[in-house]
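Chemist: Here's a structure for you.
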Amino acid sequence: MTEKYILAIDEGTTSTRSIIFNHDGQKVADAQREFPQYFPEPGWVEHNANEIWNAVLSTIANAFIKSGIQPNQIAGIGITNQRETTVIWDKATGLPIYNAVVWQSRQTNDIAEKLKTDGYEDLIHKKTGLIVDAYFSATKIRWILDQVPGAQERAEKGELLFGTIDTWITWKLTGGATHVTDYTNASRTMIFNIHDLDWDDDILKLLNIPRAMLPDVRPNSEVYGETASYHFYGSSVPISGMAGDQQAALFGQLALQPGMVKNTYGTGSFIVMNTGEKPTMSENNLLTTIGYSINGKVNYALEGSVFVAGSAIQWLRDSMQLVEKSSDSEAAAKASTSLNEVYVVPAFTGLGAPYWDAEARGSILGITRGTNRQDIIKATLQSLAYQTRDVVQTMQKDTGIDIKMLRVDGGAANNNYLMQFQADILNSAIEKAANLETTAMGAAFLAGLAVGFWQDTDELAQIFSVGQRFEPNMPEEEREDLYAGWQQAIEATKIFKHRPYKMNE
């Protein structure tokens, strides 16, 4: 019998990857292709959706070429993606009517601010679990419909379709046959009612978004459609798994029990907690979202987004030139002889959860004449751990659950100094996945379950393994003293609002 595999498409903010996994969950081949971001005006971030589609096709082809695997050996396809990014396209031609507006983009900020001033924050939070922000898809849809002449009327007639990137890729792969999204991606649009599991008519009416342009919303593990044979080298293969990137990482880490938490240390940090089958509405500025839905059940999650994590290490390397390679930061931190009196608050683009202070800017505090390069590097690494504690502590406050263990992935999870300090400052064990490809793995798991490639989550548990475990060993008095210093550093950073004179002219 011909051996079968699962293909995961991992569509990120700067590149697309296609990864082929075998039945043991091992990566057989992968291919990556970067695509450009466009910045038409300050604060605007856009993609060309067709460049993303081309990157999907080319990486699929290259993964097949590298592995020697045939398209008809793929049992199912899982898609994971950058969330919130918004595409609107012509149903008849498949051509986007405007560039994709990216999650990072602030060009729709005025629409979000008007929703706030008009008093809709509470309504939107209760229905969607989200705060009102330009980050999410709703304001982006409204902006494109306003920007492109005739778009509103065409959307009302059903001539235009909206999708987040998962929807766009699926629609293209199926040759326009399937217009669908999943619960996790829908829960990031700010127009999806996470209690009713449907688009919310009140919010659609508020923003004048026609329901006719919206995709069907489905669970994360089922057959949504099949590839058009002309897009998949003569083969019709089921697209059978779909999840936003952070939720895919939660599933890839098999954080399937309420109270389990994962942190992905990427450019930023995304801390996601499984809260079980009932949504926990945060009273402390965390996002309530959908974690995943399989076997007819929906698991909800709390999420805290930290804007700067791995990018702080890039800052040490590229801007400050304190390290030659990012990996050098571990040895430098270990070489520091400071008493941890230096604090770096990397608020380069403001502070994320739980502070949500867009005006804050970075700071270095506690320096003396004796402060050296290693001390600054160490304090920068420690800032990632402190910010994680900020979010984890807030999750504990919202849920009443004592978090004893954190599962981690992402590039900075390879830094053993950081992982040990993270365990110490949280007073929780840290488990690093043996396979750090947890986002793609999550998409593969969801796809494989739907087509019987894997039977159930018990079988997945046989595949998943912890690579390294870090136990806390810091005395409580020291831990709390260090964290009190961090809280002071945050307050000092929030106070400083001065801007250069020229910016205020």
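Any Cβ shown, glycine's included, is placed from N, Cα and C.
Because the structure is a prediction, the values reported are computed rather than measured.
Checked Swiss-Prot, it gives:
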type    : residues                                            : note
BINDING : Thr13, Arg17, Thr267, Gly310, Gly411, Asn415        : ADP binding site
BINDING : Thr13, Arg83, Glu84, Tyr135, Asp245                 : sn-glycerol 3-phosphate binding site
BINDING : Thr13, Thr14, Ser15, Thr267, Gly310, Gln314, Gly411 : ATP binding site
BINDING : Arg83, Glu84, Tyr135, Asp245, Gln246                : glycerol binding site
MOD_RES : His231                                              : phosphohistidine
Chemist: For Thr14 (ATP binding site) and Asn415 (ADP binding site), what Cα-Cα distance in Å is obtained after rounding to a whole number?
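Modeler: Answer for this pair: 23 Å between alpha carbons.
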Chemist: Compare the C-alpha of Arg83 (sn-glycerol 3-phosphate binding site) with the C-alpha of each of the recorded positions Thr13, Ser15, His231, Gly310, Asn415, and give the closest one.
Modeler: Thr13
Chemist: Relative to the Cα of Arg17 (ADP binding site), which of the binding-site residues Tyr135, Asp245, Gln246, Gln314 has the closest Cα?
Modeler: Asp245
Chemist: For the recorded sn-glycerol 3-phosphate site, enumerate neighbouring residues of the same chain (Cβ within 8 Å of the Cβ centroid of Thr13, Arg83, Glu84, Tyr135, Asp245, site residues themselves excluded), in sequence order.
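Modeler: Once Thr13, Arg83, Glu84, Tyr135, Asp245 are set aside, the remaining close residues are Asn81, Gln82, Thr85, Val102, Trp103, Gln104, Arg188, Gly244.
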Chemist: Please give the ADP site's span as the largest CA-CA distance among Thr13, Arg17, Thr267, Gly310, Gly411, Asn415, to the nearest whole angstrom.
Modeler: 24
Chemist: Hey, for the glycerol site built from Arg83, Glu84, Tyr135, Asp245, Gln246, who else sits with CB inside 8 A of the CB center?
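Modeler: These residues sit around the glycerol site: Gln82, Trp103, Arg188, Gly244.
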Chemist: Would you find the one among the binding-site residues Thr13, Thr14, Gln246, Gln314, Asn415 whose Cβ has the most company, meaning other Cβ atoms within 10 Å?
Modeler: Gln246
Chemist: Which site among Ser15, Thr267 has the most other CB atoms no more than 10 Å from its CB, taking these as binding-site residues?
Modeler: Thr267
Chemist: Roughly how many Å separate the Cα of Gly411 (ADP binding site) from that of Glu84 (sn-glycerol 3-phosphate binding site), to the nearest whole number?
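Modeler: On Cα coordinates alone, these residues lie 23 Å apart.
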Chemist: Tell me which of the binding-site residues Ser15, Gln314, Asn415 ends up closest to Gln246 (glycerol binding site) in space, Cα to Cα.
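Modeler: The answer is Ser15.
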Chemist: Within the chain of Asp245 (sn-glycerol 3-phosphate binding site), which residues six or more apart in sequence place their C-beta under 8 angstroms from its C-beta?
Modeler: Asp10, Gly12, Thr80, Asn81, Gln82, Arg83, Thr439
